[in-house]
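Read the structure below first, then the notes.
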Amino acid sequence: MMNEEEKCEIDPDYYDVDESPTHQRNNNHDHPVAITSTNGDENHPNPPSNQEHHEGWGFTDPKLRPFVIISITYLLFTITDGAIRMIVLLHAYNKAFSALNVAVMFTLYELAGVFTNLAAGMMGARWGIRFTLLIGLSLQILSYGLLFGWKDEWSKQQAIVYVTIAQMFAGIAKDLTKLGGKTVTKLVTPEGRDTRLFRLVSLLTGWKNSLKGVGYFLGSALLEVSYQAALWTMIAIILFALPFAVFGLSKDLGTAKKKNSSLKEIFVLDNFNLNVLSFARMFLFASRDFWFEVPLPFYLRSPNCFALGPGFTCSADDTDACTSGAQCDPTLEYCTNINTGGGCGGPGVQRAIVGAFLGGYIILYGQVQSWTPQLVTGPLKQTPPNKITEVFWGVINCYPTMIGSIVLYASEAFKEYQAQGMMGWLITIIVTFAVIFAINSSIHSYLVVKYAASDKVAVSVGFYYMANACGRLVGTLGSGFIYTYAGGENFYIEGYNPGMDARLGLAACFVAGTVCSLLAAVITVWIKDDESGLKCGPCWTIVNSTEVEAGVKSEDHDSGNILSEQQCIIAA
């Protein structure tokens, strides 16, 4: 277990968007203390005196001003980051791009996360948070601006290359802007357990995940108005955020006075536990993205196979005759599939509902992750978690997608297209996965801090979250390939080819996700950390604790203090 001095080396610059530590407790567990950077950032405001604490901190306090400005800017950016994926994906779906085509479009976005995530911290330490924030917001405007140039007359190859480059700028923008959002808690140091500022930190942290979910929905819903309206709305949100960063922040904010870490130092390979955890992390996130980012929205948009073809006639004056995601072809005068490359067999819901579906998942995931110590690991006596805890929850993580694949393959609700039954199963599977995946992610967020104790924490964590980005990249690209080619032969309708069976494509992606979940759990077994054992409540011990057997009991394991500490570790 790391000591408090080592914990306070953590640099949130390197952390993923929904899993960075924000605060640790000091030695007496009475007061939250801001995490200081290994980059030697000495520009943070001093803790408020007792007099300041009793008077309370208002929004006009100069110590709080950078915190508020950066938080507002980052939260507004988060909306546009969620929206851009839905805008690109659903617009591409209506242009008949396959799932593999869309997955390729996201490749440079995810790849940018691998490298920019490592370089952003060094850029901020050298040029300041204001610089990286402005560059990130500007690149996001550039990315949205480039999407206006997507021409209908282009070939698919031309469009894929163009949109992929536009998405690359969005990926870079995300990590540069994230630097400001994730270092915001280093700018203030509240004294006292329940200060107004500390409660504000927790509130804004929760809003971050909620607003990303709002972005998913907003981007999808605005497409129902028009593609251009969706793009202009998101640009307007970024332009609204820009003045806060331009006029409200000092150019020296967040710059380091000590030597910054080099890229060479980031690739630290001598920490066995952290390296194993990073490898497991890659498969954990791939277990989600093998079915979530591309296959799920494609399946939700795909129409009913049994409502297509010459048997379902329509005309230019009666386009409403086609239902369940189908469209009327006035030339053929029957209902056809908007995107044969996306297959048929799904519920065929509107784009706004697709956005609400995915956005709801993100909001639920973020909230469960934040409250895991209080609601799950704490009551089960699994706080602080160890390797065995993660293996336990990692195995459980396999079940939702495994059951989902079986249901999609075998359930009459999907085979006979019973719309209510299909949606009921999908909601149950995805909500269950979101809860279990959030628990796994929160445990990982604690373990990375624990295992990084023997090394420079910021450097080690940078490598860890690079593995996280690699998992998203592998999952996204792999999902497009599996969904496109695992659906078997095209669904047969006499006189019409509606595309492959999307039901089988999504089921295969669930299988891939299950395999990745299992691999993540198996890899975690290699970690050398068995001290705390495993309990499932006060009365059920699955694995005995070696610490208890040896009579070791530290004050640091006081349940209330540990809950507070773990909550702070996973808070962002």
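Here the Cβ of each residue, glycine as well, is placed from N, Cα and C on the backbone.
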Message: Looking at 127-147, 274-294, I want to know which stretch TrEMBL calls transmembrane segment.
response: 127-147
- prompt: Considering pairs 6 or more residues apart, do the transmembrane segment (99-120) and the transmembrane segment (422-443) have at least three CB pairs under 8 Å?
  reply: no
Message: Is it true that the transmembrane segment (504-527) and the transmembrane segment (391-410) have 3 or more CB pairs under 8 Å, sequence gap of 6 or more?
response: yes
Query: Top stretch among 67-93, 127-147, 391-410, 463-483 for CB pairs under 8 A with the transmembrane segment (230-249)?
result: 67-93
Statement: Long-range Cβ contacts under 8 Å made by the transmembrane segment (422-443), restricted to residues 6 or more beyond its ends, are 18-19, 284, 287-288, 296, 346-347, 357, 361, 364-366, 368-370, 372-373, 376-377, 385, 389-390, 393-394, 396-397, 399-401, 403-404, 407, 411, 413-414, 566, 570
